[in-house]
Amino acid sequence: MAILEQPYLDLLQKIMSEGHGKDDRTGTGTRSYFGAQMRFDLSQGFPLLTTKKVPFGLIKSELLWFLRGDTNIRFLLEHNNHIWDEWAFKNWVNSSEYQGPDMTDFGLRSQSDPEFNKIYQAEMKKFDQRILDDEDFAKKYGNLGDVYGAQWRHWEKREGGFIDQIADVIKQIKETPDSRRMIVTAWNPEDVPTSALPPCHVMFQFYVVDGKISVQLYQRSGDMFLGVPFNIASYSLLLNLIARETGLQVGEFIHTLGDAHIYRNHLKQVEELLSRKPYDSPQLWLNPEKKNIADFEMKDIKVVDYQHHGTIKAPVAV
């Protein structure tokens, strides 16, 4: 057995000791380090953090949402996944149709004002339920624009039509595995202004050698405490799914980050996490009867032997 999260723990420690203080668009402030890389050997296990509980069900449903080409949070809510709620909710409360309580700067205010947080949580609950119950409302306010699902599966071409980058890269892996063009990108400068959140994981590239497939992700911005553990598990899962469809063994997940940062209101949580001793990493189970990415459902993907420490809560910077 192996402790696969060690590169993540090492990077957290590096940012804590060597990071630079920076302001950011959320107004929270960060401790930031530019140009970091972590490597995870997926043949040794699955790099789901053990130093805190990471809800794997959310990672599964989010990745399947991306792979469906979906950009509406309704699918996520149907699977009790609230990762993207705040960005859709922001579009709703900033619209002319919203007539509820003032939600200006709801992210920061909900952290500092307990009374406002109660109002915010009630409004968010009503919003989520309306997305589930009202199809027209969901189409208008549940859609996040040109986020990952759109860019991966429906990249719009200038001359009309679209490119399915996932299908194309799988075809390349099968037919020309030595290619240096096996890339999927989510960064389209034209779409950045219309996205709820411009892509943080900008592009990823596959590499095949000796019957093994690896992937390298370039992430422009990484919330090290909340977001990056999800990204590590999500791209490791994606690589396993691609390996299954292409008949290859899994190699490495290489995670390259631009601005790797710890929010100032996460510093205590990071200290607590770093004080914990990691357990052996779990193993990933994929339904052996499924071969194609499109056929996988939630029940076909599991982690086994997942021993972990308790949850550490931290606020999301929106």
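In case you wondered, yes, glycine gets a Cβ from its N, Cα and C as well.
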Swiss-Prot has ARG25, ARG180, ARG181, ARG220, SER221, GLY222, ASP223, HIS261, ILE262, TYR263 binding dUMP. Which one of ASN231, ASN240 is in the same site? ASN231
Radius 10 Å, atoms counted are CB only; among the binding-site residues ARG25, ARG181, HIS261, which position scores highest? HIS261
To the nearest whole angstrom, what is the C-alpha distance linking ARG25 (dUMP binding site) and CYS200 (active site, nucleophile)? 14
Under a three-state reduction of DSSP output, how is CYS200 (active site, nucleophile) classified: helix, strand, or coil? coil
Compute the C-alpha separation of SER221 (dUMP binding site) from CYS200 (active site, nucleophile), stating it in Å without decimals. 5
